[in-house]
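Structure first, commentary second.
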Ligand code: CP
Ligand code: NVA
């Protein structure tokens, strides 16, 4: 197989994404049964983190270890990347030493440039614009609880951020309808909205937006890098909290997801996190299984 990267969901075909979900479920079940499966023995994942992480770091590290391989955590504080070594040079050097590289950074353009110069698969582990690995876990979680998401209605409540942009890509690749409920001035990427106008619609009123929905999703009001806007955003977004009252306007079997970390009392109420429609812990766990399926796909199909 030619060199493949995973920078957005659009790098894979809908069929590949569907297969990845089914494979992740299989890998999860076998792992829970105690099966030892080490397809990445002696393989190494380089992990560049320019932003904080709990789930992404631990799921990639555990996934590599469970697959018989290993990983190297690289932070800008301790590498030459943080001292201005060009992305292109870092990509050329690192990709001669490891078998795959995952990057969490600010500008999306950085991962694109890194991938251009890399000899090994590059995985986007979150940029300001997209978080495709989270979507693999979300789609798996929906499938496990409710079956195929195809033809369903999903409502995004809150900031039109990297997760929301990724849900727009998901609507296209997994073929569902997406309603975005964001306050004026905080819409997702306009070009992305326009390209997907047949399946993505904006409804600013949250109660109206969740009507007829099968899945409600939210995320923090201020993403990493926007900390100084926190107070201003808290005031603007205050009608955009997902709580049991809002949830009662959705379909009776609707699920609730949040990529975490959650800010209880802001985008989500404490009671919502424990609501019977919330699948946030399964969603977090599935980061591990979904990314193992992704690593297997990128590294074992060549
Ligand atoms: N959801 C997610 O990516 O979490 P972390 O920031 O903890 O990796
Ligand atoms: N939108 C959030 C997601 C964190 C996993 C952020 O970028 O900080």
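A Cβ is built for glycine as well, from the same backbone N, Cα and C atoms used for every other residue.
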Candidate from 162, 286, 301 that TrEMBL assigns to the same L-ornithine site as 219, 223, 224: 162
Counts of helix, strand and coil residues, the domain 'Aspartate/ornithine carbamoyltransferase Asp/Orn-binding' (150-297), according to DSSP: 62 helix, 25 strand, 61 coil
Arithmetic mean of per-residue pLDDT over the domain 'Aspartate/ornithine carbamoyltransferase Asp/Orn-binding' (150-297): 98
Residues that sit under 8 angstroms from residue 133 (carbamoyl phosphate binding site) by C-beta distance, when 6+ apart in the chain: 6, 56, 123, 124, 125, 126, 287, 290, 291, 294
Listed binding-site residues with Cβ under 6 Å from ligand 1, out of 53, 55, 223, 259: 53, 55, 259
Residue from 53, 55, 80, 131 whose C-alpha is spatially nearest that of residue 224 (L-ornithine binding site), among the binding-site residues: 53
